[in-house]
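Report on one structure; see the data block that follows.
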Amino acid sequence: MCAFTYVTSELLPVGALETIARDLGRSQTLVGLLLSAYAVTVALTAIPVTRLTRGWDRRTVVVVTMLVLGLGNGFAAVAPGFATVVIARVAIAVAHGLFWSSIGSVAARLVPPGRAGAATAAVFSGNALALVAGVPATNAVATAFGWRTGTVVIAFAGLAAAAAALRWLPAMAAPEPRSPTAASARADNGRAVMVISAATLAMVTAYFAVYTYITPILTQIGLQSRQPVVLVALGVAGLLGIIATSRAVDAHPWITPFGQSVLVMLAFATAVSMAGTAQVTVGWLLLTSVGYAGLAVSWQAGILRVAPRSPDRASAAYVVAFQIGITSGPALGGAFRGTFGMDWLFLAAAVLAALSAAAYPVVSMIMVRHAHGSSSRPCDHDAGTPPAVPAPPTGH
């Protein structure tokens, strides 16, 4: 519920672009920049805010970030002008970075050891559901009743999620800070975190370079009137990708994202090499959704695996890479589309996806060497396998 609400809130300008622009007397281009400003804010604040709150109980982090989401959207709903909406969105974006830096480790602590991937998949299913239901619902409410009504609905959803987290999440003490020379430094692998973050940056950039222009892509093949149906189908495909990932990533932590990245690469390559018929275009878009949506699970599960002692700090680096990709993808897509054409854009996206895929054999080798280098220490664990996380207390 929390993930669904956050993604729906983040993508509010997508579903309500026209009504926001009309109500506030601004251009659609300017309103569209709310997404870019949001992503830049997350990228700039995720790491410092995560560090500042590293001593907080993890349940408190979830509750506070959901409260900021609810109150921020409530503030935006009564905004007298565009500047107030920007301020509200920036506040939510600051909480967004902290939320996504923490939620993966929170989910992992709620399940038995070895099931972190499945727990992460459950969280990220909210992302896919937001694309399937949240954005279309926001569009429908904004069209029928105005964007402020849609924003109020999201505000109440955020407050309800905060109350639910306070009621049902167990108290979770923050991980104890450890010296860089202590056992945590041996258990965590900074190089692997950076490689996964680089792979994330490459793939997210590739995806948003193409996905930003999905409307003209569908229009070009004569499916503009069926765009809502296609978008829902892509969301369903993404949900299926997440389900499949949840069943594979714990057993195959590096093969799974490698296969997903190759699938996305082949989808983009198909867009380059084959005629742009409706069937082919929808086919490669569906393949892209299956692979990309599942990658979000694989990335977070991988971060938890390579940095079991400092998951929030490592997740913050991954969140920053993700948000930089969201910001740079549309710019790259616009540059290639305007200068070279769509085929060159698809080719560039395929190359970025290939670079992302190449990262996972590297991570696997890093973790094997890391394990061999510390195998003589009794506190170390098998390559790439996180230590058991103590079961959270049952009290509230």
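Glycine is treated like the rest: Cβ placed from N, Cα and C.
TrEMBL labels come from automatic prediction, so no person has curated them.
These numbers come from a predicted model, not from an experiment.
Taken from TrEMBL as is:
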- 387-396: compositional bias 'Pro residues' (COMPBIAS)
- 1-368: domain 'Major facilitator superfamily (MFS) profile' (DOMAIN)
- 375-396: region 'Disordered' (REGION)
- 30-49: transmembrane segment (TRANSMEM)
- 61-80: transmembrane segment (TRANSMEM)
- 86-111: transmembrane segment (TRANSMEM)
- 118-137: transmembrane segment (TRANSMEM)
- 149-169: transmembrane segment (TRANSMEM)
- 190-214: transmembrane segment (TRANSMEM)
- 229-249: transmembrane segment (TRANSMEM)
- 261-278: transmembrane segment (TRANSMEM)
- 284-304: transmembrane segment (TRANSMEM)
- 316-338: transmembrane segment (TRANSMEM)
- 344-368: transmembrane segment (TRANSMEM)
Maximum Cβ pairs under 8 Å to the transmembrane segment (316-338) - stretch from the list 30-49, 229-249, 261-278, 344-368: 30-49
Beyond the flanks of the transmembrane segment (229-249) by at least 6 residues, Cβ under 8 Å: 117-118, 120-122, 124-125, 127-129, 131-133, 135-136, 214, 218, 223, 256-257, 260, 282, 285-286, 289-298, 301
Contact call for the transmembrane segment (149-169) and the transmembrane segment (344-368): at least 3 Cβ pairs under 8 Å, seq gap 6+: no
Range from 86-111, 261-278, 344-368 with the greatest count of C-beta pairs under 8 A to the transmembrane segment (118-137): 86-111
Close approaches to the transmembrane segment (261-278) from elsewhere in its chain (Cβ under 8 angstroms; 6 or more beyond its ends): 199, 203, 206-207, 210, 220-223, 284-285, 287-288, 290-292, 295, 342-343, 346-347, 349-350, 353-354, 356-357, 360
Stretch of maximal Cβ-Cβ contact with the transmembrane segment (30-49) [cut-off: under 8 Å; candidates 86-111, 284-304, 344-368]: 86-111
Closest-packing stretch to the transmembrane segment (284-304), where packing means Cβ pairs under 8 Å, from 61-80, 86-111, 344-368: 86-111
